[in-house]
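Database features (Swiss-Prot):
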REGION    28-110  region 'Disordered'
REPEAT    54-62  repeat '1'
REPEAT    63-70  repeat '2'
REPEAT    71-78  repeat '3'
REPEAT    79-86  repeat '4'
BINDING   88, 90, 91  Cu(2+) 4 binding site
CARBOHYD  185  N-linked glycosylation site
CARBOHYD  201  N-linked glycosylation site
């Protein structure tokens, strides 16, 4: 009788734990940053020592005059010049103000900003960047560059450097170095293009410092994504059919015995 109760409680605990792990897999993992050594990537022969020379035009996947996923010059889901359900120009239904003021035109749905922010925090795929994801915002790392001038320059200009990195899933790379190299290249290039479009330019010192900063952030992103990837793999192995069937069989034998 005692064995029966013990077996029942063990089975109940196992089922509850299994369900909780399944739910936890859907929760986003927290981010962070760490500090480390210098850049491991030599220059690529760009003029002036910069690997990423300023380029004209807009950034990859970036709309004209707005942020990521933002319409041209306007807010999310906001009509031009009027509120929802109102025709353009302030006229009444069926009156002037263009074809949008006629009956039969459905209202445009509003975008839920909480969903947009949640997707970005979890590493949303960026359109136009070929499968790259945008990581969560990080605090810029505290780095010493070996001389007072660059240390002071970084402290005074750190706001000019990115606080998010672009990356692909870790399972597409054979090691950390390849992940970090690709992450640094696309992040620095995208940030340089976007900033140059706004009329700002980067000096050789800016490029050197930015590469070091982005490198540390990419290392942090790799560690975060690797931990999440291995946790998903471990959960898949633990709760794969053979171990589950074996455990349930042992519990049944314990209860029957």
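Glycine is treated like the rest: Cβ placed from N, Cα and C.
Residue 201 (N-linked glycosylation site) is 18 Å away from residue 185 (N-linked glycosylation site) when you measure Cα to Cα. Minimal Cβ crowding within 10 Å, among the glycosylation sites 185, 201, is found at 201.
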